[in-house]
Amino acid sequence: MAAGVELGFAAAPDGAWRLRSAYFPSKIGGRPAWLGEAGLPSPAALRCGRCQQPCAFLLQLYAPLLDRPDAFHRTLFVFACRGAACYRLPGPRGPLCVFRNQLPRRNDTYPEEPPPEEPPPDPSTAPPRRLRGGAALCRVCGCLGPRACGRCRLAAYCGPEHQALDWRRGHRRSCGQHAAGDDSADAIPEHNEFLFPEYEILIEPEEPEFPADSSVGPDDEQGAADTSKDRKEQEDLRATGSAGEAFQALDEETLEAMAKHETEEDKIFQMFKEQVAAEPEQIIRYCRGGEGPIWVSGENIPEEKDIPNCLCGAKRIFEFQIMPQLLNHLQVDSLGESIDWGTLVVYTCANNCGEGNEYLEEFIWKQDFSAGSVELPSSS
């Protein structure tokens, strides 16, 4: 990806063939389109750190490093627990995890030349049961499936939860009804109760707020700022009048601290809203090692010590963040209970280690909206 901030947007895929690994997709939901075939994350690595249930594939971002021959192909994979309660519990290694994988241009899986833009002669849309290297994939989630059906020995699963789910969804009827090696009769259900809806991620550079030929000048900006300031002062006065009695019992030092905190919170959230206002549909903000994330709150912003170093010893740096707008595409609302976040921020190894082409776990930080902020409106 190029320098500067790049934005990602969810779009209906232009043919399911574009979401296959051979086309190096950036995508949301469905099953992962694995990049390298060796060293996939184990089922244990893809379990929620809170409830220990399997995490669902959330998205992958194709992010090659043009200055690194060993990262000619490079993809980041994010997984998320489907349990809403897990997002409200404190503690490390929560309901989210992220993995990085990379390959040189010359490798054993893909040709050196880029794939054609037109659909292949046989654009099969069936989810793969095995990688070309022979590794079996779970019929439900598409992740590594070391567990086999005890009856037919053909269906693979990441664990007992998905084996039971697939059995209920139809494998019980087709299990053992066809010869070994001929699994065409045993169609894999969509499993939409576990998988997130599938979209392609389109990447575009972020346009500057005020282009060089913009007709908005400094005086206009100052006038807008003054108007905003006046409106804010009027709102503060109204709030002070209505809440004055409640504050009478508080000492001046406490009132001053509360006012300062509220002002800082308002400022940070207002900056967040202004930053995304030009492109409210954005679901990704990417800028590896450059401009940092934009925060939705002054609370729970990580310090340097909060971001663990990579296993190789190098520091981790900001690479991209996932915006709250993505939640509108995931169909997760259920009676007011759903997974939730203000923003998810991914940090990766500054040295981009991993010459063995294995999948390496990186670090993801979840920040929620503060109690006083108002979440961005849904566009749907």
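One-based numbering along the chain as shown.
Note: Cβ is positioned from N, Cα and C throughout, glycine not excepted.
Curation plays no part in TrEMBL annotations; they are all automatic predictions.
Sequence-distant neighbours of the compositional bias 'Acidic residues' (110-120) (same chain, 6+ residues past either end, Cβ-Cβ under 8 Å): 15, 17, 22-24, 73, 103. Among the features that TrEMBL reports, compositional bias 'Acidic residues' is placed at 110-120.
Marked as compositional bias 'Basic and acidic residues' by TrEMBL: 227-238.
As annotated by TrEMBL, domain 'MYND-type' applies to 138-175. The predicted model assigns the domain 'MYND-type' (138-175) a mean pLDDT of 94.
The annotation region 'Disordered' is assigned in TrEMBL to 107-129 (among others).
Annotation comment: TrEMBL describes 209-242 (among others) as region 'Disordered'.
Taken residue by residue, the compositional bias 'Acidic residues' (110-120) breaks down under DSSP into 0 helix, 0 strand, 11 coil. The domain 'MYND-type' (138-175): residue composition by secondary structure is 15 helix, 5 strand, 18 coil, according to DSSP.
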